[in-house]
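Have a look at the structure below before the remarks.
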Amino acid sequence: MATTVPLKDELDIVIPTIRNLDFLEMWRPFFQPYHLIIVQDGDPSKTIKVPDGFDYELYNRNDINKILGPRASCISFKDSACRCFGYMVSKKKYIYTIDDDCFVAKDPSGQDINALEQHIKNLLCPSTPYFFNTLYDPFRDGADFVRGYPFSLREGVSTAVSHGLWLNIPDYDAPTQLVKPLERNTRYVDMVLTIPKGTLFPMCGMNLAFDRELIGPAMYFGLMGDGQPIGRYDDMWAGWCCKVICDHLGLGIKTGLPYIYHSKASNPFVNLKKEYNGIFWQEEIIPFFQQLNLSKESTTVQKCYVEMAKQVNEKLGKVDPYFVKLADAMVTWIEAWDELNPPTKEAAKAPNAASK
């Protein structure tokens with residue numbers, strides 16, 4: 001009996017890379033039915049080899065410059081933040097993005113974990129950001145809303161983002177890597193939960209899925225890497241922006257399952273150089289996002305994001321001139337997004353469940 005492939009024609013897999021994609025062999029049973037968008041970082045003259053049998057398109061820096069013209073300046077170079085170009089050129093409703101050092105993990109029974117399948121489950125069932133359910137995700141098999149959960153909130157809201165986790169090498173910052181060089185995550189926690197409204201989180205981009213139609217324009221991974229004073233904050237910047245916008249538009253973000261196996265640790269000394277400014281700046285960035293209020297006029301993701309960029313310029317621009325440049329790039333990103341994805345009547349407009 002043939003098994004159906006969920007969202008086969010509605011989901012793209014985006015992979016940023018500087019190397020041959022041999023890791024796809026391990027993912028073949030799960031990824032082969034889907035279309036891949038590969039964003040090649042670094043030297044565009046280098047040839048990236050992709051295993052036979054995959055349906056893919058590959059973009060290098062020359063392609064990005066050709067497609068976006070002067071607006072290509074908003075796409076990072078020599079940094080995995082370039083992956084967000086793949087989000088922009090995709091024409092699918094859903095995106096799954098994964099790093100090329102992420103392998104198939106095994107669950108406690110020894111079975112291979114189909115990470116993509118679990119992400120799809122997370123995205124296709126509601127989130128519950130307004131009231132915490134102590135049995136975690138009430139929409140999973142074997143769970144439900146517990147006694148005392150308001151019936152008026154049980155419908156939930158649309159899920160915009162599914163944030164997966166990692167076994168083996170944890171996603172630590174450089175100082176933590178340096179003091180715990182041998183630490184490995186071996187704990188498999190069978191749990192999915194909605195991140196409550198008003199709570200920020202550090203989003204990791206190496207095992208991440210989202211609804212491009214609901215939140216895509218906010219998934220900008222910022223200015224990182226070559227020529228920038230900061231790195232390794234690309235996914236977290238996108239996560240903070242997305243969370244504030246999801247809270248404003250009445251959308252949900254889930255975290256937990258699925259796990260992937262993160263195979264290798266990056267160099268903590270190299271990471272420290274990249275993160276050094278961010279470690280200081282985040283003490284200003286987090287309060288900024290915690291206090292950020294969007295106006296009632298911001299009814300689409302694009303409007304929210306442009307309003308947010310203005311506040312980044314005004315408030316974080318005082319922390320460092322980098323944020324003035326970043327705010328400009330945020331606006332450029334939205335212009336480029338709208339050029340490649342002309343807005344339709346319902347584009348990026350979310351049902352505002354916050355009024356419930």
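Yeah, the Cβs are placed from backbone N, Cα and C, and that goes for glycine too.
The N-linked glycosylation site annotation in TrEMBL covers Arg147. The site 'Required for activity' annotation in TrEMBL covers Arg147, Arg154.
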Across all chains shown, how many C-beta atoms besides its own are within 10 angstroms of the C-beta of Arg147 (N-linked glycosylation site)?
-> 5
With every protein chain in view, how many other Cβ atoms are within 10 Å of the Cβ of Arg154 (site 'Required for activity')?
-> 15
Could you state the CA-to-CA distance between the residue listed as 'N-linked glycosylation site' and Arg154 (site 'Required for activity') to the nearest Å?
-> 12
